[in-house]
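Heads up, the thing below is written out as structure tokens.
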Amino acid sequence: MKVTVFGIGYVGLVQAAVLAEVGHQVVCVDVDQNKVDNLEKGIIPIYEPGLTPLVKSNFEAGRVKFTTDAIKGVEHGDVVFIAVGTPPDEDGSADLKYVLAVAKTIAEAMTKHKIVINKSTVPVGTADKVKAKIAEVQESLGKSISYDVVSNPEFLKEGAAVNDCMRPDRIIIGTNSDGAEKKLRELYAPFNRNHDKIIVMDIRSAELTKYAANCMLATKISFMNEMANLAEVFGADIENVRLGIGSDPRIGYQFIYPGCGYGGSCFPKDVQALARSATEAGYTAKILESVEAVNYKQKEKLFEYISGHFGNNLKGKTAAIWGLSFKPNTDDMREASSRVLMEHLWEAGVKVQAYDPEAMEETQRIYGARDDLTLAGTKEAALKGADFLVICTEWQVFRAPDFELIKQSLSEPLLFDGRNLFEPSLMQEYGLHYYAIGRGLSIKER
Ligand code: UDX
């Protein structure tokens, strides 16, 4: 099938590569010439396991092409994905200007029927706006060509996006058109094996499903972080509580890990956007507002422990930080807890020596060169001459470190763990003063 994807960002590129891999003919359109040139040379703009070889092999086989020529792009595809960004504007609502600009381009260039698929995460009602935009532009040009607008949200996890796209657990198709449904069933048939994963529904429900999924997961995390804070208040251990509640299959073990807050491109943005669009519609989404507020506070947690430990006397200290990305297996620093921590530390006059397996270039890009930031070549090098260690991201390489070396390298045997990687009793045996999120033993030590 001939497919066009507008927006070679994270979602667009993964979707395009995976569709090409099963044999569809894909053209990707982006406004950024540099990005297009790089992709043609095999340089992939994001770090995502498995994506580079997939893009390269499909480009070499001629199944995926990259261009800035939007008109050619529209001509090519029977189905046209909109996968451009929807950045939050000042009040947290999703900004639709890029989505609507693509809708306008499609309307201007289309000469035959098109199925327009909204892949970007967009507020409920966006498909109607895209439809209206296409109608308006067609009318102004004196055209009247039929088209469908479908909502088909993505459910990709960074670090596992290729697999999530190849082996989706559900494919949501929001449409009121039998023709569009048939075409999308054909498009996704290669991914719809073993059992039927396609769920067809009305457009608005599909749009809300995407937000509801992310908000539910973010709610689980904020709920657990609130429980971790209560565990500290009451002198309990949140890790025991986690095991105790996760064993109930209605609750489950997934997404109940307490920590220094959730980040990334989806949860913070989507929780905010749904809360804001609820407010605009005259409804106060109290749970969502609390989920956001709890997460905001949770990102301050590590700095609270640190400044509490030193009695607010931090000036001149050096912090070693392990893990900068918002989660492992990505270089993405968007809304990462490490940023909140580093910015607080700098404000308090603390130098940072950080190590991350993938996100150091991105950190450099965001913060530039500064005297109070050193990016170390290894996790061990980050410890040298530092006063204490903080873990912000649970990369595998941090899970079994040389605790003796940590102790020897630091001026104080002091470890702040934002991801609860270790047993407080073991840390005690190693002679490390250990702060973790909501853990009884580390509380008793304090
Ligand atoms: C998320 C959703 O999982 C995905 O389905 C959606 O399409 C996009 O948003 P992603 O942002 O890539 O994916 O990361 P995810 O693995 O979900 O983690 C999000 C954040 O939550 C991370 O900062 C992670 O550290 C944190 N988290 C996750 C917790 O703090 N505790 C948990 O139990 C799980």
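Cβ atoms here come from the backbone N, Cα and C positions, even for glycine.
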**Asked** Do you know which of LYS112, LYS114, LYS210 TrEMBL groups with PHE155, LEU156, LYS157, GLU158, PHE255, ILE256, TYR257, PRO258, GLY259, GLY263, LYS327 in the substrate site?
**Response** LYS210
**Message:** Using only what TrEMBL says about NAD(+) binding by ASP30, LYS35, THR86, THR121, GLU158, ARG334, identify which of LYS269, LYS407 is listed for that site too.
**Reply:** LYS269
**Request:** List which of the binding-site residues ASP30, THR86, THR121 have their Cα within 10 Å of the Cα of LYS210 (substrate binding site), in sequence order.
**Result:** THR121
**Request:** Report, in whole Å, the straight Cα-to-Cα distance of LYS157 (substrate binding site) from LYS35 (NAD(+) binding site).
**Result:** 23
**Item:** Three-class DSSP secondary structure - CYS266 (active site, nucleophile)
**Value:** coil
**Request:** Within 10 Å of each Cβ, count the other Cβ atoms and name the one among the binding-site residues PRO258, GLY263 with the highest count.
**Result:** PRO258
**Message:** Which binding-site residues from the set PHE155, GLY263, ARG334 have a C-beta atom lying less than 6 Å away from ligand 1?
**Reply:** PHE155, GLY263
**Item:** Minimum Cα separation from ARG334 (NAD(+) binding site), reported as the residue among recorded positions PHE155, LYS157, ILE256, GLY263, CYS266 that achieves it
**Value:** GLY263
